[in-house]
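Take a look at the structure set out below.
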Amino acid sequence: MSLTTIDDAGRLETVRLGMWAFLASELMFFGPLLLGWAYGRISMPDGFAWASRQTDLWLGTLNTAILLSSSAAMALAVQLSALQLKRQVGRCLLACAALGVVFLLIKFYEWHREWAEHLFPGPDFAGPAHTGAPYFFVVYFSATFLHAIHLTIGIGVTLTMWRRVHKSLGPLPQPALHAAGLYWHFVDVVWVALFPMLYLVERTP
Amino acid sequence: MTERSAVGIVRNVAKVWLALLGLLALTVGTALLPLGLWNTVLNTVIALIKVVLIGLCFMELLRHDSLPRLMAVVALFFLLIQLGQTISEHLTRGISTTPWTPPAQRAPLQHGGVDAATPSRRAYPAPGH
C-alpha cells in the first residue's frame, strides 16, 4: 500500500518539515565557512587566486560530476519508492552510496597530494605566506573536511536505507527514504557551492 | 503528489542530471577564460542555478506541502543576513574613520609596575612578597 491514507501522507510531510528544519540549522553551521571565504576573497584576492590555482581542477570537476550523479541516483530512489519498485530503489541507493565512496577516495587522494606539496598551512607552507594563501587553505581544508564528514554520514544513512529496503517485506519506508534523500541532496548542494569557491578562483591569472 | 510512471520519473531525473552536468561543464569552461570579475559572477550565477535545480527537482520543493519551502527560504534569508551584515561592515570600514591621534605620552613604568603619571594608583606587591 502506498501513500493512500491521510496518516501516511501526514507523516511524510512531518518528516520532510523536520528534515528541512535540521538542514536550515546545518546551513547556519556551514555559514561561517562561507563568510570566512568571502572575507579572504575580498581582503586577500592575490593570495586566494594563487592558492586556488594549486588545487586540482580536473579532480575537483570529476568529483563534482560524481556527486551530482549520486544525487540523481538518490532522487530516482526516492521518487521510484512511491511506485513501490523495491529492487530498483535498492539499486539506486547502492549506486548512490558507491558514488559517495568514490568521491571520498578521490578527495583523500587530493588531500594526500596537497599535504605532500606542503600546501597544508603551517611553518612548512610552500606558497607565498604573506598573501593570504595559507588562509585560503585553512578554509579549503576545513570546508572539505567538514563536507567529507557529512558525506560519510550520508553514505552510512544511505546504506542503512538500502538494508531496510532490501529486508522489508511490506511497503517501502517512504518518509525515511525522503529524509535520507534530503540529507544527501543537501550535502550535494554544499559541494556545488564549495566547488567554484575553492577550485575556480581566477584560474587564468 | 501525482502518480507517475517509472519511465517518466527516470526521464525527468535524467533531464535534470544532464542539465547539472552541462552547467558544470559551462562553469569550468568559463573559468578557463580570462574574464576578470565576470568569472566570479558567472561561477556564482551557475552555482545558484544548480542549487535551485537540485532544490526544486531533487528535493521536491515544489510539492504541495509549503512549509519546507518556507523553511528553505528562511534559512537562506538568515544566511544572507549573516553574510551581508559582516561583509558590509568589513567593506565600509574605510569610509568614515576617526582621525588618528597619538596616545598621551606616559612616563616609563617604575619598579613594581607603578605608573609615574598616576601616582595615586596602588601598586600590588609581586607574588611571594
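Including glycine, each Cβ sits where the backbone N, Cα and C put it.
If you look up TrEMBL, you'll see A:1-203 marked as domain 'Heme-copper oxidase subunit III family profile'. Summarising model confidence by region, the domain 'Heme-copper oxidase subunit III family profile' (A:1-203) averages a pLDDT of 93.
Through the fold, the transmembrane segment (A:20-39) approaches residues 138-139, 142-143, 146, 150, 182-183, 186, 190, 193, 197 of its own chain, all at least 6 residues removed from its boundaries and within a Cβ separation under 8 Å. Marked as transmembrane segment by TrEMBL: A:20-39 (among others).
Taken from TrEMBL, the feature transmembrane segment covers A:59-80 (among others).
The transmembrane segment feature in TrEMBL is assigned to A:92-109 (among others).
Taken from TrEMBL, the feature transmembrane segment applies to A:135-162 (among others).
Under the heading transmembrane segment, TrEMBL lists A:182-201 (among others).
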